[in-house]
Each structure stands twice: as C-alpha cells, then as structure tokens.
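Visitor: Take a look at the following structure, please.
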Amino acid sequence: MNAMLETPELPAVFDGVKLAAVAAVLYVIVRCLNLKSPTAPPDLYFQDSGLSRFLLKSCPLLTKEYIPPLIWGKSGHIQTALYGKMGRVRSPHPYGHRKFITMSDGATSTFDLFEPLAEHCVGDDITMVICPGIANHSEKQYIRTFVDYAQKNGYRCAVLNHLGALPNIELTSPRMFTYGCTWEFGAMVNYIKRTYPQTQLVVVGFSLGGNIVCKYLGETQANQEKVLCCVSVCQGYSALRAQETFMQWDQCRRFYNFLMADNMKKIILSHRQALFGDHVKKPQSLEDTDLSRLYTATSLMQIDDNVMRKFHGYNSLKEYYEEESCMRYLHRIYVPLMLVNAADDPLVHESLLTIPKSLSEKRENVMFVLPLHGGHLGFFEGSVLFPEPLTWMDKLVVEYANAICQWERNKSQCSDTEQMEAELE
C-alpha cells in the first residue's frame, strides 16, 4: 500500500534532475560563450596631444561600442577558431600581380601587388605594405577581405608572402620565414619605394607580422622614411616573455601551441629537401639539425630551438627570442603607431599587454587600443548568429590610416600657409 502511494512522486524527482541538468548546461553555455560580458568601446591608452585628439575626433570606431555577434561573438575562443578555420565569410577575390625578388642568399621572396580601386580621400598616392600572420600569405581569406576593403578606399596594397608559406612556391635556398626576420619585408618596401617614388606608406602587420613590421621600422631610422604610420594587430611583443605563458593550459594556450606547431611542422617538412637535403649547401648551424626531434615536437618553442633559430645562427633559444622580438625596437619608432589587441585573445597572455600600455604612456605617437572582445584576429561583427564579411578590425585599420593621411595633409597645408605669411612679411 505504501509503495503504491510513493510511485507518483518518482516523476517529480526525475523532473527535478532534468531541470538541474538543463540549468547546468545553460550555465556552461553562458560561461563558455561569455554571454554576461558587456559590450563597450575599446579601452584606449595614449598621451594627450594634438594627434590623439584629432584621432578621437576622426575615428568613430575608437569611441563607439564594438558589438560582436550576440550568441558567440563574446567568446575569444570561438572568434579565434572561426578566424583560424574560415578566415572570413564571403571573402572577395581581389586581383593582383605576383612579384618575385631574389635575395642575396639565393632565396626567392614573393609578394602580391594590388592597385587601388578608387581615389584616396586625400587624393594622394598611398600604399599599404602588409605583413600577414605566422605561415600566412596573400591568399588567406582575412588578407583578401582586408585588401579588397583597402583598395576600395583608395590604397594600393603590397602583401608579403612569408618565405615557404605558399604551397606552390619552392624554396630556392636553405632558409624560410622566422619570427622576426625583416629581410623579405624590407625588400618588398624597397621595391615599392623604387617603383612608386611618389607614394607614401602605411605599414600594417597582423600577429607575427606585427612583430616583423615594428622591428623593421625600429631597426634603422631610414626604414621610417616615407612612412605615414604603422598599425600592429594581435601581436605578443616579446617571444621571450610569451614562452612560459604558451606552455600553460590557461585559456587553452597549450592546445593552440600544439596546433600551430603541427602546422609549422607540415610546412617545414614540405620543404625538407630544400632545407636539409644532402645536395643543399646549408649553413653550418643547420648541419646538426635532428629531424627526429622535429617530428616529435609538440610546441613552437621546440621547433624554434631545433630549427628556426639556426637559420640565422643564434646560439640559443633565449638569444633568438631576445634579438627577434620587436619589444627592444618599439621605442625607436617615431611615426604614428597604433597597437591593437583583444582582451580575450587566448594566444596573448594579459601580462604581455603591459608592453604596449607602458609604451603608450611614454610616447605621444603611440595609441594602444584594447577591445573586450575579438579573440585572435577575429573581430567579427554581426547581429545574432551570422557574421558580416567585413570585420571591426578591417574598418578600424583603414579608418586610422585615413585619419593619419588627413592629419599629414593638414600639417602640410599649415606649413605652406606659414611659409607664405613669412614671405609676405
């Protein structure tokens, strides 16, 4: 009798379990998708100056909310994964010409050149010289999307193809791209300066490319000639400082490290005959390379130590990271410099962001832009689920470049007026 009376209570128990399970799933979804995070304008770090005030007035994206797609856009991991897997949605196919440059060591550097599709807003000849992220090139979707947008805003674009990154271009010397080598980027810039003597340059670097362009500008004052400004997006500033954080499981960085290392292994091994073949006249530093250690490598640091540092004869990984990081060159850049990172970038630990923050507090030419969301090179925009083809990052870089061009035009006009007044006196 008692058993019969108790049976109706069982469904209520099961309903409670179901409710708890649903609540747990919803909690995990809210936490993973970071749905409670607010949308806000990016945090800005800069010195109060005429330039910074002009930029705040001329670049609405610096003071407006960045609004990512509602459902998944506040997750740095999803933004990063979509960038890594898709690049961009409905990416255009800009038409360009591939250029080849023979380097002094026999390497063949390539870059793609895209002509502007409209007149620039200030009417001048401006060329964007662009350095992509690790193992990337002009055919990547995020590069194509950015180039197409820049062309439509009146910019000529030159995009470096990292040495060894294009699958259909063979290496012609026992060397490929490294973390901080500026040789190929410098050769591309010099080609543009020779071919278009009237042009002015806007320098743009994405991720690893941000390290390369900042290091290039800081290496010598001559590299900043004809440069209007520089933009670096999602770089880590110091490989030496990043080394330890990249081995941590916090924010899944160790997993991302493994994925990038696996991709690097595939690229290196696809060129193993050109790099390590018996017939190749390779530098002494590469003679002792143990390919078995490359096969078993699970991190970028292991690959850098076993292979990459040896392309330039560094004696240790520490020396390689110290010399090839842009951190020691940033204070030598005198042109306007915008550094952009996302607070939820799972690849760049927050401790690394003290570098651009500190620099922006000391230098009037530097502005550090830190939105809450965007992941690593994601910065997708959209209403609910589906992202737009053009990202916040694409629009910000062009908007900043336009503002700097106008700033320089205004300065030039003021100088001309002052000169005329002086002559009249």
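Any Cβ shown, glycine's included, is placed from N, Cα and C.
These numbers come from a predicted model, not from an experiment.
Copying in the features that Swiss-Prot gives for the protein in this structure:
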- S207: active site, nucleophile (ACT_SITE)
- D345: active site, charge relay system (ACT_SITE)
- H376: active site, charge relay system (ACT_SITE)
- 128-382: domain 'AB hydrolase-1' (DOMAIN)
- N136: N-linked glycosylation site (CARBOHYD)
- N410: N-linked glycosylation site (CARBOHYD)
- 1-9: topological domain 'Cytoplasmic' (TOPO_DOM)
- 31-425: topological domain 'Extracellular' (TOPO_DOM)
- 10-30: transmembrane segment (TRANSMEM)
Visitor: Nearest to D345 (active site, charge relay system) in three-dimensional space, by Cα, is which of the recorded positions N136, S207, H376, N410?
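Guide: For D345 (active site, charge relay system), the closest Cα among N136, S207, H376, N410 is found at H376.
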Visitor: Rounded to a whole number, how many Å is the Cα of H376 (active site, charge relay system) away from the Cα of S207 (active site, nucleophile)?
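Guide: If we compare the Cα positions of H376 (active site, charge relay system) and S207 (active site, nucleophile), the gap is 8 Å.
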Visitor: Quick one: pull the CA-CA distance for S207 (active site, nucleophile) versus N136 (N-linked glycosylation site), whole Å only.
Guide: 10
Visitor: According to DSSP, folded down to helix, strand and coil, what is N410 (N-linked glycosylation site)?
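Guide: DSSP assigns N410 (N-linked glycosylation site) to helix.
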Visitor: Here the recorded positions are N136, S207, N410; which one has the lowest number of other Cβ atoms no more than 10 Å from its Cβ?
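Guide: Sparsest of the recorded positions N136, S207, N410 by Cβ contacts within 10 Å: N410.
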Visitor: Using a 10 Å radius around its CB, how many other CB atoms surround D345 (active site, charge relay system)?
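Guide: I count 26 other Cβ atoms within 10 Å of it.
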Visitor: To the nearest Å, how far is the Cα of N410 (N-linked glycosylation site) from the Cα of N136 (N-linked glycosylation site)?
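Guide: Rounded to a whole number, the Cα-Cα distance is 36 Å.
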Visitor: Please compute the mean pLDDT of the model over the topological domain 'Extracellular' (31-425).
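Guide: It averages 94.
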Visitor: Just counting, how many other CB atoms are there within 10 A of the CB of H376 (active site, charge relay system)?
Guide: 26
